[in-house]
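The following features are taken from Swiss-Prot:
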| type | residues | note |
| --- | --- | --- |
| DOMAIN | 163-269 | domain 'Calponin-homology (CH) 2' |
| DOMAIN | 765-800 | domain 'EF-hand 1' |
| MOD_RES | Tyr31 | phosphotyrosine |
| MOD_RES | Lys114 | N6-acetyllysine |
| MOD_RES | Lys214 | N6-acetyllysine |
| MOD_RES | Thr249 | phosphothreonine |
| MOD_RES | Lys592 | N6-acetyllysine |
| MOD_RES | Lys625 | N6-acetyllysine |
| MOD_RES | Ser696 | phosphoserine |
| MOD_RES | Lys779 | N6-acetyllysine |
| MOD_RES | Lys859 | N6-acetyllysine |
| MOD_RES | Ser909 | phosphoserine |
| REGION | 736-911 | region 'Mediates interaction with MICALL2' |
| REPEAT | 413-518 | repeat 'Spectrin 2' |
Amino acid sequence: MVDYHAANQSYQYGPSSAGNGAGGGGSMGDYMAQEDDWDRDLLLDPAWEKQQRKTFTAWCNSHLRKAGTQIENIDEDFRDGLKLMLLLEVISGERLPKPERGKMRVHKINNVNKALDFIASKGVKLVSIGAEEIVDGNAKMTLGMIWTIILRFAIQDISVEETSAKEGLLLWCQRKTAPYKNVNVQNFHISWKDGLAFNALIHRHRPELIEYDKLRKDDPVTNLNNAFEVAEKYLDIPKMLDAEDIVNTARPDEKAIMTYVSSFYHAFSGAQKAETAANRICKVLAVNQENEHLMEDYEKLASDLLEWIRRTIPWLEDRVPQKTIQEMQQKLEDFRDYRRVHKPPKVQEKCQLEINFNTLQTKLRLSNRPAFMPSEGKMVSDINNGWQHLEQAEKGYEEWLLNEIRRLERLDHLAEKFRQKASIHEAWTDGKEAMLKHRDYETATLSDIKALIRKHEAFESDLAAHQDRVEQIAAIAQELNELDYYDSHNVNTRCQKICDQWDALGSLTHSRREALEKTEKQLEAIDQLHLEYAKRAAPFNNWMESAMEDLQDMFIVHTIEEIEGLISAHDQFKSTLPDADREREAILAIHKEAQRIAESNHIKLSGSNPYTTVTPQIINSKWEKVQQLVPKRDHALLEEQSKQQSNEHLRRQFASQANVVGPWIQTKMEEIGRISIEMNGTLEDQLSHLKQYERSIVDYKPNLDLLEQQHQLIQEALIFDNKHTNYTMEHIRVGWEQLLTTIARTINEVENQILTRDAKGISQEQMQEFRASFNHFDKDHGGALGPEEFKACLISLGYDVENDRQGEAEFNRIMSLVDPNHSGLVTFQAFIDFMSRETTDTDTADQVIASFKVLAGDKNFITAEELRRELPPDQAEYCIARMAPYQGPDAVPGALDYKSFSTALYGESDL
């Protein structure tokens, strides 16, 4: 028997249809093409014929009842062609030619031919089916004709993901029944025998009608009858199959099953459209949620970084001076710890923040979303401004620390100098008041008086010589006050005491002179030799005291030149020692001569010079002290010279490394700039090259670490300048940070270009052409085009943006797309986005609104219940939380405005 049932492989009925397939969804191929000769005399399989009669009759009646009629016997009731024409009018919605009402055979044949002609006009080639067979009641041909009508008007338009007809209907069934246990739809015969697939289809769309979990696979008749009864009662799908026939047939008739299943498809077609709309909305919402997650990450990272900057700047701007150098050195150590430990992670966070921001903006542009505008105060520019403020505060803080350390060092030096001079002066003034108050002249002889007068003159000479020391003490105290020395109170007290004592000495000296001069008239004797001794011994004694002060004086130098200057001065001082020694011997010779004269004249001396307290023993003692201090001074100067030579070595060592690292960083910066402009090869090649370049930069880090170690030694040695190099550690650090940031940003730009290329389908040749056009107008090779450069580029590409009103408006529109932040510059990434957008379709707000309208059943609003039914739970709640209440005249309680929500997704309104 000829198997015309194989025709279900395509939209035709005939023995050769199995080879045509369902791949031509829009094809009106030969529905009845022959594979072998059609044997009209062969009979249908009785079981299949029975199933087809029942199914096709029910299917026809489901449509004929709309016209108020039905058929009882499918091969008898269509013989006159009247109900056949009526059926075609109902299912097509079109008017057929007026039928002939005669009862003769010719009238019937003409009516059937009108029906067959109408079928053929729909692109269906009827093979081997003629009006005579239908009029004669040929069951095989009548069933074949009805199957052809079912294929054309009920199954042909079924399309699921580029498939159609049988394959589309089968794929639809597989998807709908996939979640159900014991259901595996692979065909339209035995996959449906247990009835579970029918129940699964109903439960998938109307779960309240079927208690699927209570169905048993081993009770197919119950399952089938349950599905048929529910479909007829609640879905208005007539019972087209008989449960016992399906169960008792080894292989149920495919056409009968497909006809019945197609009724389910059409009954649930609205739900199918809703599912498609829901999938589109889910896709759009998934993109939006991912972008919102990236925005939240950016906001948090930006907030944390800005908070750290906000907390750090006050610490760097705290310039409260400390009292001691130890406290300031601790502050300097804390600052170095901040530079080494706390700041580097924040530099990486800042770089990562810029990368995340650029990636987010690229994704937003690719998904046709508005550019991301961070919260107020959290723009990349705000972070850069805060970072710049931080680095300015950091630089000022370091300079302040070093200046404070220098100030405290000078204060310590001045304080020690003040104490030395004050101690020497106090030692000199000790007993002077008592001496000036002594009234020894009242009982002295004339010679004694003259001696007292000479002694007093010598004292006045000595007093005048000490005037410079007192002024130096006062000047040092004043400088300590001006430099805010922490122990200024004690210094001022001691200085005031010295000044008060000095004034008292001046007053007492004046009083004693008056007393001596008053008595002088009565006294004549004077020992000129002692007087000469006193006059020469006092200056010499002062010279030795000054020399001892200078030899014990502390010194602070920072360069070899300064220490060599001190050594030169010391050598010059040593060259004066022979003359000083001769002066000492001359003074001692005067003393010896006085003794010789006294002895020769039998003069009994008191043992001391009446005119001075400076004895030869004092002169010799101080001279010996000077002789001892000279080699000590030599040793101290040589030690300092060695220290400065070591410091010079550190300077040269640092300069040698810095003069290599600094130009290397500058060269790498220039090379990166050149690479970012030239960009030879594919984007993947460029990305690989840049990452290799980045690794070479990272591998260079040990050279920077070595320089940091050398810089640490310089700082520990308190070396504040270096004439051998123009590069400071701060310059090197800033250059290194800029180098890392630049290579990371360049890599990110290439990655974004790859992302844009893949998302938009841009070829490598197009990308290179875009780069060539961009570089041609990027005259300064800055990586961005100004408005005039960009306009010239657009004109070269054929855009009408001339300087007339219409061209200016078009140019302003394009600028708003490529420069949403109004920075006045168009980056290469923005240029690529614009060019790709001109040739690529993207989803729009109108598409999303249309999808929501499908879910809402063509209403202007949607309810939370409808959203929860059609969308996944998280995305349904996302929409409910953000949709505004619908305010239209047709609003119902709980109505939501999906139109404003959809436009807000694309930046056309506010959420």
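Just so you know, glycine gets a Cβ as well, placed from its N, Cα and C.
Since this is a predicted model, take the numbers as computed values, not measurements.
Distance between Cα atoms for Lys592 (N6-acetyllysine) and Lys214 (N6-acetyllysine): 141 Å, as a whole number.
All protein chains included, Lys592 (N6-acetyllysine) registers 13 other Cβ atoms within 10 Å of its own Cβ.
Residues near Lys859 (N6-acetyllysine) in space but far in sequence (CB under 8 A, at least 6 apart, same chain), listed by position: Lys853, Asp890. Looking only at other Cβ atoms within 10 Å, the busiest spot among the modified residues Lys114, Lys625, Lys779 turns out to be Lys114. Distance between Cα atoms for Lys214 (N6-acetyllysine) and Lys114 (N6-acetyllysine): 51 Å, as a whole number. When the C-alpha distances from Ser696 (phosphoserine) to the modified residues Lys114, Thr249, Lys625, Lys779 are tabulated, the minimum falls on Lys779. For Lys625 (N6-acetyllysine), the nearest of the modified residues by C-alpha distance turns out to be Lys779; the candidates were Lys114, Thr249, Lys779. A separation of roughly 82 Å, to the nearest angstrom, links the Cα atoms of Lys779 (N6-acetyllysine) and Thr249 (phosphothreonine). When each of the modified residues Thr249, Ser696 is scored by how many other Cβ atoms sit within 10 Å of its Cβ, Ser696 comes out lowest. Separating the Cα atoms of Thr249 (phosphothreonine) and Lys114 (N6-acetyllysine) is a whole-number distance of 37 Å. According to DSSP, Lys592 (N6-acetyllysine) is assigned to a helical segment. In the three-state DSSP reading, Lys625 (N6-acetyllysine) counts as helix.
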